[in-house]
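Data first, discussion second: the structure below is written as structure tokens.
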Amino acid sequence: MASDLPFLGSREAMELQEFSRKPKRNVSRTLGELLQRVGDSTGDNNPASHHVFEVDHDPVYQPAASMPFVLSFHNLTYSIKVRRKIIPSCFRRTVAHGSSGNVMEDKSGFKVLLNNISGEAREGEIMAVLGASGSGKSTLIDALADRISRESLKGIITLNGEILESKLLKVISAYVMQDDLLFPMLTVEETLMFSAEFRLPRSMSRSRKKARVQALIDQLGLRTAAQTVIGDEGHRGVSGGERRRVSIGTDIIHDPIMLFLDEPTSGLDSTSAFMVVKVLQRIAQSGSIVIMSIHQPSYRILSLLDRLIILSRGQTVFSGSPVTLPAFFAEYGHPIPANEDRTEFSLDYIRELEGTPGGTKSLVDFNKSWQMKNPRISHTNGTRLSLKDAISASISMGKLVSGSTNVDSNLSSSVPIFANPFWIEVLVIAKRSFTNSKRAPELFGVRFGAVLVTGIILATIFWKLDNTPKGVQERLGFFAFAMSTTFYTCAEAIPVFLLQRYIFVRETSYNAYRRSSYVVSHALISIPSLLVLSLAFAAITYWSVGLAGGTSGFLFFLIFIFASFWAGSSFVTFLSGVIFNVMMAYTVVVAILAYFVLFSGFFITRDRIPAYWIWFHYLSLVKYPFQGVLQNEFDDPSKCFVRGIQVFDSSPLRAVPDEIKLKLLKSMSKTLGMNITSSTCLTTGSDILKQSGVTDIDKWSCLWITVALGFLFRILFYFALLIGSKNKRK
């Protein structure tokens, strides 16, 4: 069947039964080659169908015994600076002597997380790292996966005897995090298909990618859940074991040479955990190096593992095959009872030693002597290929589907860093975001409802404003509130990226796509929603309030509303890339937007702002749209807003009868030497603009500045992702 993949086996292989631990290299093909044949056999017209095809055993496709990859690591040491807490002097003696031998902390205040760890992992095998919580399991996995800064990690890591560059490691490996970071509203099939779009080259037809995904679904045992959404706390979805297998599937779609997993069985029942590790065994047998951390494997899982490294406080207390555990502890003087589980006894005994004054030092020393007496025989000495030749051979046999056909002397340049060009990544990310948003319309619905309600309230409160001095003040208030509202409603976009942040980090850490592609796609996918919000708000308020300018004035008002939404959305997106906590991000956004409104020029005009605060006035995002819509409203020189006796409306004389006001106008006329009647225009729109202090920049410049600020914050968002999403420990 199309699901008969070498690294996973047939459907019957997923049943809970015992299998041979050792890979059968003479009958196993790579995932890439078999799936390439699957795609060819299914054809481009009906990729989802399954056809029977014969799997011959042509020696051309057999991984030769002289070609295995060997990942070696020597004397890995990693420590972090400990922040000391202030402890009362009466407790210092207790703290200093209460846990000797357990806490690996030197005199300089550094806590040692890894202490001279050495070992090797080979193609076709699963190496598992065991230990209690805090023993350094995840730290060792991170060190091997290049998730620790090279400046902080001491020691040597080589692949086939050559130092492995960080750039190349990202291309040939994959990392499965402990948490299942998936989009909740995508189905299992959609999740794997989007992963295929990211990790498989453009040269591979879409039908072959679909066939690959369908085969992967079958072999991961996800056929019944293929059309089920992943789900989250608010939406029922797949089970925990199925979710974990989906996470693994997203990272092995391109058939990596090395696969790192941080506790892939955490939180699963024994059956689901066994099925997950069985999948990992098949991946290893296809020609991959599989390295995983695991807390306490069951007997059945232990039978699938090829090599164990047991850690205690960052030190190696055992390294070797699981079958040698009884002999190891028997020679140490503490044999494992016949009715005891090997790993359970080992971890419990190590935990007991950690509570003793001497800690596990004796066991660490014994392990070193044990390794010297029982060295592991290397089957690759003298015949192991160079790293360049080994990668080239793997690619030629269909592994590491990256679009490269050969490997030159410069490994980093010959193997493509990204499987697809920039514009393909932008389209795929946009399509995924749209699909996920479409299934959760309440997110946009809440924001649209907020804009709709705000527009209706403003339209009813400021209904059909007149051109009197009082109407002028009310127009100023309307514009100030309307422009600030567009920015405050953008604050609801804060959780969008924060919820996706760790998915983004996981995908970009191993070059699924470029950070720039994500930023551009994120901006493009926001434009349609911003346009809908702008159109709804402008249509509700413009004609109801009675703003000036007719159709052209409405279009300009609409453009400014859209530019405000664009700048506000970009600003909030940038802050979400800098601040990781949702509540803190909300607090910062609301505070900064309040300052923007304060310095916008409405509450205090530009000429009244102190010189030491004027810089904030020009940094205010609200200033430019507020100033632009005011100029759009009052730029008609023929329109009058104060005539004759209306000049007294904003003074204490507004309650005086009109006859007295007319007499006052005549007195003023004689004093000023000009004729002022009840119809004389005393204040035009230009006068209002000068009084408001919004004439330093014209309305078109305000529009371009608002749009440019939106682009500026998108660029800053990119640099925030570039700097803040390295996903490496210091």
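Every residue, even glycine, has its Cβ placed from backbone N, Cα and C.
Taken from TrEMBL, the feature domain 'ABC transporter' applies to 98-338. The transmembrane segment annotation in TrEMBL covers 442-463, 475-499, 519-542, 554-575, 582-604, 703-724.
Outside the transmembrane segment (442-463), and at least 6 residues removed from its termini, the chain residues within Cβ reach (under 8 Å) are 474-475, 477-478, 481-482, 485, 489, 492-493, 496, 529, 532-533, 536-537, 540-541, 544-546. Long-range contacts of the transmembrane segment (554-575) within the same chain: residues 482-483, 486-491, 493-494, 497, 522-523, 526-527, 530-531, 533-535, 537-538, 542-543, 547, 585, 588-589, 592, 621, 625, 628-629, 632, 699, 702-703, 706-707, 709-714, 716-717, 720, each at least 6 residues beyond the stretch ends and with a Cβ under 8 Å from a Cβ of the stretch. When each of the listed stretches 475-499, 519-542, 703-724 is scored by C-beta pairs under 8 angstroms to the transmembrane segment (582-604), 475-499 comes out highest. Summarising model confidence by region, the domain 'ABC transporter' (98-338) averages a pLDDT of 86. For the transmembrane segment (703-724), same-chain residues at least 6 beyond its ends with a Cβ under 8 Å from one of its own Cβ atoms are 504, 508, 515-516, 518-519, 522-523, 559-560, 563-564, 566-567, 569-571, 573-574, 577-578, 621, 624-625, 628, 697.
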